[in-house]
Amino acid sequence: MLKDVFMALSKNQLLTSAAKKYGLKLGAQTVVAGTNVEDTIKSIRELNALGISATVDNLGEFVFERSEALKAKESILEVIEAIQANGVDAHISLKPTQLGLDIDYDFCYENLYEIVAAASKYDMHINLDMEDYGHLQPSFDLIDTLSKEFSNVGTVIQAYFYRAQDDIEKYKDMRLRIVKGAYKESVEHAYQTKQEIDANYIKLIEYHLLNGKFTSIATHDHNVINHVKKFVEDNQISNDKFEFQMLYGFRKDMQVDLAKEGYNFCTYVPFGDDWYGYFMRRLAERPQNLNLVVKQVFNKRTNTAIGVFAGAFALSQLVSKKKK
Ligand SMILES: Cc1cc2nc3c(=O)[nH]c(=O)nc-3n(C[C@H](O)[C@H](O)[C@H](O)COP(=O)(O)OP(=O)(O)OC[C@H]3O[C@@H](n4cnc5c(N)ncnc54)[C@H](O)[C@@H]3O)c2cc1C
């Protein structure tokens, strides 16, 4: 039930605006690298010093204004230039809805095209993050067109979707990130139980490791990571064929340990002021992440405005659910 509450919170426009206004609060600063490019480059340098590369996400999603999508595009172009100018080991992750997929498909494509073309000059990879089911096929359509011209694009396969096996076969020649899936999806399209999702996740990872180009295994699940370690050893898959990925701020010790063990490791580094939806999804995935919030809310009085606001909303959701 807590998961549903946080998923509902993640889409709340009022709280999203409040969060932008009040900056990095509610514990988000532990999982978001900063609000500007300089802070982010500094965080990437720190990761690079530990032998970890970065995939940088200029936070933002579900954009409905052209001006906002154009601003996001400019911001991503700025990050590409900053990565290149500073010589850090990093590439880009972005969300199609941030670049206007909900406004107009062609408008989104033009924005994306500009970004992919700019990055290709530096041989920099661009990953299209996958969002909810409603945006899945249009996102693959964008990939299909872009990949005809560029080789520096890749995307994500979400293991909870029934169609994931077909997609991974179709895109096997592409660098793919494989995840369990972060959005709330209906039984019509997606597995619902942890057992089913985990089983499909392992199946997809194994398939792409054996048949695909480069595999990014993006998970905080130590059972999956241990399984992969054994699988690559048994099948003599070399370390340059895959990497592990985790989100910034999560399981930091394990991130460093995996890099020290000699595995390629890449941290997903989100930055910017549009952190609210991202952060709420992290709470939905793992309510224990609430301890990040609790520490921050009680440490700094200024955080309480959003904290109380969010708490009141969460409670109202719980009450209305109980009534149903
Ligand atoms: C780099 C990256 C990129 C992603 N990109 C996308 C995307 O484009 N689209 C999308 O839909 N989703 C994306 N996700 C989110 C993903 O789909 C999952 O929702 C998310 O990673 C949670 O699943 P999990 O595999 O980490 O493990 P879970 O199933 O959440 O956890 C499994 C077990 O791992 C352990 N564990 C998990 N987290 C922690 C922790 N913080 N501390 C200690 N133990 C822990 C616990 O024992 C837990 O029971 C991404 C995730 C990552 C890491």
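Cβ atoms here come from the backbone N, Cα and C positions, even for glycine.
TrEMBL lists 41-289 with the feature domain 'Proline dehydrogenase'.
Here TrEMBL flags LYS95, ARG281, ARG282 as substrate binding site. Using a 10 Å Cβ-Cβ cutoff, LYS95 (substrate binding site) registers 23 neighbours. Under the DSSP three-state reduction, LYS95 (substrate binding site) is assigned to coil, being neither helix nor strand.
Positions annotated as FAD binding site by TrEMBL: MET130, GLN158, LYS180, GLY181, ALA182, LYS194, THR219, HIS220. The Cβ of THR219 (FAD binding site) lies under 8 Å from the Cβ of VAL179, LYS180, TYR201, ILE225, PHE244, GLN245, MET246, each on the same chain and at least six residues away in sequence.
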From LYS95, ARG281, ARG282, the binding-site residues whose CA lies within 10 Å of that of MET130 (FAD binding site): LYS95
Entries of LYS95, MET130, ARG281 (binding-site residues) sitting next to ligand 1, with Cβ under 6 Å as the cut-off: MET130
Sparsest Cβ surroundings (other CB atoms within 10 Å) among the binding-site residues LYS194, HIS220, ARG281, ARG282: LYS194
From binding-site residues LYS95, ARG281, ARG282, the one whose Cα lies nearest HIS220 (FAD binding site): ARG282
Spatial separation of ALA182 (FAD binding site) from ARG282 (substrate binding site) - C-alpha basis, Å: 8
Per-region confidence, the domain 'Proline dehydrogenase' (41-289) (mean pLDDT, whole number): 96
Per DSSP, three-state class assigned to GLY181 (FAD binding site): coil
